[in-house]
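Undergrad: Below you will find the structure I want to go over with you.
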Amino acid sequence: MTVVCRLSDLPPDRGVAALLPDGAQVAVFHTGAGELFALSNIDPYSGAAVLSRGIVGDLRGVPVVASPMHKQHFELHSGECVEDRAVTVRVYPVRVAAGQVVVEDP
Amino acid sequence: MTASLVVVGNGMVGHRLVSSVRERDRAGRWRVEVFGEERRPAYDRVALTSYVDTWDDSALLLAGHDPDVTVHLGDPVVAIDRAARTVTSASGLVREYDALVLATGSSPFVPPVPGHDLPGCHVYRTLDDLDGIREYAARVPHGRRAALVVGGGLLGLEAAKALRDLGLSPHVVELAPWLMPLQVDEGGGALLRRLITALDVTVHAGTGTTAIERDRGRLLARLGNGTELDVDLVVFAAGIRPRDALARAAGLDLGERGGVLVDEACRTADPHVWAVGECACVGGRVHGLVAPGYAMAEVVADRLLGGAATFTVADTATKLKLLGVDVASFGDAHARAEGALEVVLNDAVAGSYKKLVLSDDASTLLGGVLVGDASAYAALAPMVGRPLPGDPAALLAPAGETLGAGALPPDAQVCSCQAVTRAAVDGAIAEGCADVPALKACTRAGTGCGSCVPMLRQLLASAGVAQSSALCEHFTHSRVALFEIVRSTGIRTFSELVARYGRGRGCDLCKPAVASMLASLGGHVLDREQVALQDTNDQFLANIQRNGTYSVVPRIPGGEITPHKLMVIAEVARDFDLYTKITGGQRIDLFGATVEDLPAIWRRLVDAGFESGHAYGKALRTVKSCVGSTWCRYGVQDSVRLAIELELRYRGLRSPHKLKAGVSGCARECAEARSKDFGVIATEHGWNLYVAGNGGFSPRHARLLASDVDTETLVRLIDRFLIFYVRTADRLQRTAAWVEAMDGGLDHLRAVIVDDTLGICADLEEAMTAHVGSYADEWRGVLEDPEKLARFTSFVNAPGTPDPTVAFREERGQRVPVSLGVPQVSAR
């Protein structure tokens, strides 16, 4: 379990990157609808740690982030790639405790 | 065993014959050899006039280079020996044939006017003719320059356009009482004259040219009505004559008024010799259009491969845009059929003339003429000879019944250039063609004059294939519509816009598009909620690279930089260990900066007087320049000064796609301005402005919009051009595609932003003035705002810790990214 930041540090529909103790990077998103998500920050197509810098939105109502590298979309709940369902990024449980955003081990 | 096919002539029809034979001849029965007189490969002669826009002949070349066909360019056949079945070429090659196809086309008719062969007299048929006209026009001194076009038919008006684009004032002389007498009737001709006169073309109808004389370095043309014209150049476009001399010398029969006499199979009395296109006389007629020529080529190709095709009634329907004026004519346009009835709508106010010709019982459509607005052509032309699909007056009314694609019977021709029926188009759609480019590739429909493209769109729509202009699933509006909404409602946040006019929460298509609109209307791109709308490049004001780091490009206006500033860039690059490369836009790109380093890099650059170069934005990038008249011994204007002025004026302007520009100080064009969205080339008298060019995936040459303008006029025209583009282009549509998609193309653009036909120029200029007045450096905007600065950290819980995935190695003395290896794609 890692405390990442205060919830108020997360502006709506914009991601931030956080470093976990094991060296893994997570992208944490707080959507305009008030939901909280955490995924691996690594874009599986380029290998670059950039998903936190993608544009957040929805496709057919499902919240997604678009990789800033080559624009594939990843569903924020499942980590599934919309363009290729066989590809997923790791999803981390995330919750708010006492105003702090907490990322759990997957 | 293979047989030998020799084709004499490498024009459009000869080329079509060869590609059709090659396409059908799966078994390889024919070995094909072509002799052509012109030194260029086959090109699109119908589009000849467009050569003047770019002087790039490669744009006109016809597709279909076939390595198995031997083509002899610049080597015409000079003799046929039918007994020996051989041809002899000008260079002395002798070839035997089993089948010989004559496709020698026609030659321009030059009336035997005294003085017709003086220097300065030209014809209008080949690219070489146009090169000759251009070369001669370049030698004519500037000032009041004029040209005479003899012939006011289709070709004459094309020539008038070319001459006007070359900066001459054209006079058109037509013997008949009105222009284009073959295609349009008197009423249509009268409107055509009015519309064309308004475009600086002087029309002299109902009179001929009686003499051309030398007159103190210019030419004096005397007309039959007593008028005398001082001109610099004369172009004869008074019709064509079939080139049948070769056939005559070989003893083949000719038609009464010339042309190689052939039967309905396009074969001469000699079973081994065929003739196609404008040199052939079939059914007692010589055809001067490309569509019948193509039909003949298909007949002969079929026959050569054992088929029994015949050439039937030729479609003489024509639709074209002359000097931006729509003209269409189809079927019995002159109402020659017995008892034919005419329904005419002549709207002098709107500038449109429309006539339908009906059978004596008003039940069948026989033909029609459309001038000024030919939008009904695609639906009406295929209906000729069929029951009238509605009330005739309603069909002509401007906002009246539009004749849907549904009314077309399956065997009606949708594309008359390529003889494609509705059934063929429907078949292609059923096989999966989902848009116009796919239909073009699959059926060839729309690849000729292009007038049936709207009908192709309709057929797609009526087959249920959606042709949506919606931005994305969140907005049903096009970018243009959405821009208007934002402008007129004053909505300045994405959340309000999507709540009121869209649905859902937006995505990576609509968010940056709206962010760009909001930026065009003022404010920092990272203000408030706008940050979350931006692509990563705009979010971090730098360009993301393959390992997640960014590159930084400071603005170097016009490519001019002091040694001191160059040293600052060098020191920044050294201190932050950035890979350094000179860009194509005359600036310097610094690679490998991490998110947390960006503000520190900018601080050093901004303190030294640099600002953002917007290399990351869909915005003005650079205005490239040559060194100009300050240093260059050839330069005629100060291109560097103008480039700097333009770059500083338009910096920061957000647009549907990136914008690049160039200024060259003389016609040598060292700044490559004609490969830019707007390019300026100095002349002795001012500047020539070219627009809508680009490099990249499909390069386009920019086209001449205005010539010899002064700097103030030039800037005003560019202001209008840019704002009009920003407001009306689609998302990610560059200027070239924008102009191409415009109804009326470059002529329409010229009408709007040069002649102000829509009355919007003052508004466009005001918008640019507002942009120039509100410009502020985006990098400085971040440095001065702690809230914006706070986002430039690697990790929210460990600021200052570098991203562990970023690693570098050295190559040629600089740092480059370590490859991130095999993509870490994992199955579920």
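Including glycine, each Cβ sits where the backbone N, Cα and C put it.
Sharing the feature lines straight out of TrEMBL:
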{"type": "BINDING", "residues": "B:CYS626, B:CYS632, B:CYS666, B:CYS670", "note": "[4Fe-4S] cluster binding site"}
{"type": "BINDING", "residues": "B:CYS670", "note": "siroheme binding site"}
{"type": "DOMAIN", "residues": "B:4-283", "note": "domain 'FAD/NAD(P)-binding'"}
{"type": "DOMAIN", "residues": "B:317-380", "note": "domain 'NADH-rubredoxin oxidoreductase C-terminal'"}
{"type": "DOMAIN", "residues": "B:414-461", "note": "domain 'BFD-like [2Fe-2S]-binding'"}
{"type": "DOMAIN", "residues": "B:545-606", "note": "domain 'Nitrite/Sulfite reductase ferredoxin-like'"}
{"type": "DOMAIN", "residues": "B:617-753", "note": "domain 'Nitrite/sulphite reductase 4Fe-4S'"}
Undergrad: According to DSSP, folded down to helix, strand and coil, what is B:CYS632 ([4Fe-4S] cluster binding site)?
TA: coil
Undergrad: In sequence order, which same-chain residues at least six apart have a C-beta under 8 angstroms from B:CYS670 ([4Fe-4S] cluster binding site)?
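TA: Spatial neighbours, sequence-distant, of B:CYS670 ([4Fe-4S] cluster binding site): B:CYS626, B:VAL627, B:SER664.
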Undergrad: To see if you understand the setup: which same-chain residues, six or more apart in sequence, place their Cβ under 8 Å from that of B:CYS632 ([4Fe-4S] cluster binding site)?
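TA: Same-chain residues close to B:CYS632 ([4Fe-4S] cluster binding site) (Cβ under 8 Å, separated by 6 or more) are B:CYS626, B:GLY665, B:CYS666.
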Undergrad: By a 10 A CB contact count over all chains shown, which of the binding-site residues listed here is most packed: B:CYS626, B:CYS666?
TA: B:CYS626
Undergrad: Excluding B:CYS626, B:CYS632, B:CYS666, B:CYS670, please set out which residues of the same chain place their CB within 8 Å of the center of the CB atoms of the [4Fe-4S] cluster site, keeping sequence order.
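TA: For the [4Fe-4S] cluster site the neighbour list reads B:VAL627, B:GLY628, B:TYR634, B:GLY635, B:SER639, B:SER664, B:GLY665, B:ARG668, B:GLU669, B:ALA671.
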Undergrad: Summarise the domain 'NADH-rubredoxin oxidoreductase C-terminal' (B:317-380) by DSSP state, stating how many residues are helix, strand and coil.
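TA: With helix first, then strand, then coil, the domain 'NADH-rubredoxin oxidoreductase C-terminal' (B:317-380) has 4 helix, 34 strand, 26 coil.
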Undergrad: Any idea what the model's mean pLDDT is for the domain 'BFD-like [2Fe-2S]-binding' (B:414-461)?
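TA: Over the domain 'BFD-like [2Fe-2S]-binding' (B:414-461), the predicted model scores a mean pLDDT of 80.
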Undergrad: When the domain 'BFD-like [2Fe-2S]-binding' (B:414-461) is classified with DSSP, how many of its residues are helical, how many are strand and how many are coil?
TA: 26 helix, 4 strand, 18 coil
Undergrad: What does DSSP call B:CYS670 ([4Fe-4S] cluster binding site) in the simple three-state scheme?
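TA: DSSP assigns B:CYS670 ([4Fe-4S] cluster binding site) to coil.
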Undergrad: Let's see if you can do this one: DSSP helix, strand and coil counts over the domain 'Nitrite/sulphite reductase 4Fe-4S' (B:617-753), in that order.
TA: 49 helix, 35 strand, 53 coil
